[in-house]
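Database features, via TrEMBL:
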TRANSMEM  6-27  transmembrane segment
TRANSMEM  36-53  transmembrane segment
TRANSMEM  65-82  transmembrane segment
REGION    92-116  region 'Disordered'
COMPBIAS  94-116  compositional bias 'Polar residues'
DOMAIN    151-279  domain 'Palmitoyltransferase DHHC'
TRANSMEM  197-220  transmembrane segment
TRANSMEM  240-264  transmembrane segment
Amino acid sequence: HVAALHFLLGLVILTSLPVVVLWYYYLTHRRKERTLFFLSLGLFSLGYMYYVFLQEVVPRGHVGYSQVVALTCGLILMLAALSRAKKDPGYLPIQTSNEKPSRQGLPNRSIRGSSNGLHGVATLGAASSRAVNGEAKGYSRMSAEEPEGVKNDWCAKCQLVRPARAGHCRLCGRCVRRLDHHCVWINSCVGEQNHQAFILALSFFMLTSVYGITLTLHTVCRGRTPFVALFYCPGAYSDYSSALSFTCVWYCAIVTAGMGYILLIQLLNISYNVTEREARLALRDNTGRRLLGGLVIDTGQYNRGFLCNWGHFLSLGSSPPQRSAEDIV
């Protein structure tokens, strides 16, 4: 509302707001804290933008009933996908005090540390007499798509053997199957079980947001294309209602641009069958290739071609949960 009072106020506020949000993000990320701030900000923004659209844009008579219904359906679908993305991302079961495996029988071998746990040789000690070259054959939770020679990880924090591509989230304090990243906007990890819903929520958000921005600009700035009207709309501040609608459009445009970048990176990673965590580790260890101007890091480990990669992604979570190595023993 303050930004709608004058053009210069809008410029200052809409410029400083993303800076404040990013500062708070890095502050909480460095402290390794979970926060509901970003999820609350996102939900409040969605609700208020929708309210402004119904109160300030629709009454002008340039938006039809079917367009309002389409926008509302897009919003509902996005919230439904977001609700699904908030559920279990694929947490590995926590070992109870009676079920925690003993480390006494493990061979005395060096284990290389990493930012997400301890990578190295995982064996089952005296219970396993079939361990060859540091790999517990027959006891590891290896999925069918894992290449031969990929080793499982032992997580010292969760006290369990992680399957390949799983990782430990410092914010959630849990190991997640096929961990991609921890998303502050949903206050949860993105993993094997909710990655599809996460992509779906982003896609519905992009479509709904762009559609809402287009409808509002067609109403406030008549006779101009949405892109031109976004940067040049002489009558935007002629009255407070138009100014408020135009300010909300710019707020949505800034958020949509950020989410669009996230969606683009996600789609590229899926096309190369690489997760954000794997890309970050590949950059750290200098084992990946930068492609498309650095937008994607190809590790080459799981890349099986565009169609196979997308087929694998669409089948995530469809296979029944596999038994752990400790349960088999």
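Cβ coordinates come from backbone N, Cα and C, glycine included.
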Tertiary contacts of the transmembrane segment (6-27), as residues 6+ beyond its ends and Cβ separation under 8 Å:
37-38, 41, 184, 237, 243, 247, 250-251, 254, 258
Give residue numbers and ranges for long-range contacts of the transmembrane segment (65-82): same chain, 6 or more residues beyond its ends, CB-CB under 8 A.
46, 50, 53-54, 58, 186, 197-198, 200-201, 204-205, 207-208, 211-212, 215
When the pLDDT values for the domain 'Palmitoyltransferase DHHC' (151-279) are averaged, what is the result?
91
